Amino acid sequence: MFIGSVLCVKCFSSLKMSYAQYTAPELPPDTPRIQLRLAGDKRKHNEGRVEVFYDGEWGTVCDDDFSIHSAQVVCRELGYLEAVSWSPSSKYGKGEGRIWFDNVQCTGKEKTLALCMSNGIGVSDCKHTEDVGVVCSDKRIPGFKFINTMANNVESLNIQVEDVRIRAILSSYRKRVPVTEGYVEVKDGGKWKQICDAEWTKHNSRVICGMFGFPGERKYNARVYKKPNYWDYSVNCTGNEAHLSSCKLGHAVAAKANSTCGGGTPVVVSCVPGRAFSPTPMTGFRKAFRQEQPLVRLRGGAIVGEGRVEVLKNGEWGTICDDNWSLLSATVVCRELGFGSAKEALSGGRLGQGMGPVHMNEVKCSGFEKSVTECFFNKESLGCSHEEDAAVTCNVPAMGFQERLRLSGGRNPYEGRVEALVERNGSLVWGTVCSDGWGTMEAMVVCRQLGLGFASNAFQETWYWPGEVSADPVVMSGVRCSGTEMSLSHCLHHGAHLTCPKGGGRNAAGVSCSETAPDLVLSPQVVEQTTYMEDRPMFMLQCAYEENCLSTTSSKTPANSYRRLLRFSSQIHNNGQSDFRPKAGRHSWVWHDCHRHYHSMEVFTHYDLLSLNGTKVAEGHKASFCLEDTDCEEGIEKRYECANFGEQGITVGCWDTYRHDIDCQWIDITDIKPGDYIFQVFINPNYEVPESDYSNNLMKCRCRYDGHRIWMYSCHNGKTMMCHNL
């Protein structure tokens, strides 16, 4: 299936075409007969080094004079709707053999690269360091039909068809979501055709299943399937391809008079879904998404099956450097997490930057490893920063969730009143969602389900977004989500017995979505390095006392006595893809005398000291914050500051530091007995501002207090507690 987003090429706007149904190009008789393919170190299936087959030999194209117009001709010849971009200087690795074309100059309207102006086929002074590459759109030309101009060597061609599908045949599979078993069909020349199983292998099945979001394949009962209409070719995959288009054509298939082939039966695949996608009736599906493999996880992605790759090593989560990061390695990650093959291998910290160590660099997988941790990597390679964190987008099964929800009445497709499709009295009807208790977590699930990214706001009234009157009645109430669900129907809700005193219509739940989100992470190293204990006289704590930054027993403390304070610095990084901005407008910010500036968030952090069984024994009251850029990574300018009633927030790539010597940057431990404790900091605890990843908002440390000194150790982000002895 050729799916995904298509990027527009601004500079190609002058060559916009109305793409009609595909017709095979009629070429002048003297046109050199060539075939094209995309090869090399790919990060998605529809990109690569341009390779040309001519005169019995594969070769490349030089980047001299190459342009987006030439890329357009290449992509169209391969059956893609258009070109997205092109890359010089062997971005996809150096090719081999002849350089067939040099100084290529196309208008973009040519039917084949061989008709573009050039030095002449085989005439070049280039080296393979100048091999050109292209990125084509995911979308295919409607009605595209593969035409083989090669009498021999057909097996060296990549597969080029309009579309691929698994068509369920048995009634038991047609009713399942997702579809896991059926005929493999390719769309060629506008017609769906089955593939002869004469040369079909389990490697081919593995690739097909991966394309449709399934990590594995299994045997099926061949006796229940009937004879079909065959495609002209067999398929030859190695098994580690991420997409059918990367497989090679097999031998041409000669159909017999009775519509059978050499094997006599059509190809059927039976795929094994990941645990989160196991087939089940829609009404009985109640699972939130959970990773299946504890050694690897994805973070920072807007949709299921997307995120920055993080691996667990020596008890600490870290990232993978994008050096040599490929579709092959990304596919290993996707399969081990219960998804299919990788749709794209992302680089350059595209889905946010991680924290902690970079555990792996120059990863090279064969494609058959059970885990990316089994792949070869360069243990000696140093110097990778989190700006090079690798990420993936995986193929996931088509669950149909997107069709059961819509946004209505908004000014753009990313906002509106939430309307759900539910069954009522045997019919499917659209209706609203009750807004009682509606918040960020619920909005996150809606935006993910609709493929619109992250939530930017959750609304409890939507009178300004009038939807269809027929959809005003409430069809869901009591919705409570953990934030990890794939569909709003998987969240806790009241079921058939609705309760919504405010009613739907103008009081229905609404959301606005965004393609990017911030991601705040507290530095555990800074906390560990700056912690100390101070005995401070009560007469120096009057401002802090008035702002409730001391424990309740301080109200009985004489002015000449002391309070014992556990002090530390907080350094909060924004590792996401957009700035962290307070939800409250400037008009509602509160002036704080202690700090001599306005606080834009009244509940921004919770500081707590817990017993080892999790009971709260002391509480810090540094809840509110003024948000500003204290410092930034090299090349990033500060945008926010607290002084002079300035704009507040934390820029991507910057951090806000509250030093240990600022009032209220402490926990009052005056009444605490000596012993072992857990110290924790929770950022944005009420989820007031949406983030791409809330799992790293909590930081915990082990803490030992002997009555005279205090130690903080084993500080880390996340909910689990590291078990180390002092």
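Keep in mind that glycine also has a Cβ here, set from the backbone N, Cα and C atoms.
Per TrEMBL, CYS62 makes its disulfide bond with CYS126 among CYS8, CYS116, CYS126. Among the candidates CYS237, CYS261, the disulfide partner that TrEMBL records for CYS247 is CYS237. Neighbour counts were taken as the number of other C-beta atoms within 10 angstroms of each residue's C-beta; across the disulfide-bonded residues CYS75, CYS106, CYS126, CYS481, the minimum falls on CYS126. The two recorded residues, CYS365 (disulfide bond) and CYS106 (disulfide bond), show a Cα separation of 38 Å. CYS491 (disulfide bond) and CYS136 (disulfide bond) have their C-alpha atoms 38 Å apart, to the nearest angstrom. Between the candidate disulfide-bonded residues, CYS62, CYS136, CYS247, CYS375, the densest Cβ environment within 10 Å is the one around CYS136. Looking only at the disulfide-bonded residues CYS75, CYS116, CYS237, CYS481, the one with its C-alpha closest to CYS62 (disulfide bond) is CYS116. For CYS375 (disulfide bond), the nearest of the disulfide-bonded residues by C-alpha distance turns out to be CYS247; the candidates were CYS126, CYS247, CYS481. The two recorded residues, CYS136 (disulfide bond) and CYS106 (disulfide bond), have Cα atoms 16 Å apart.
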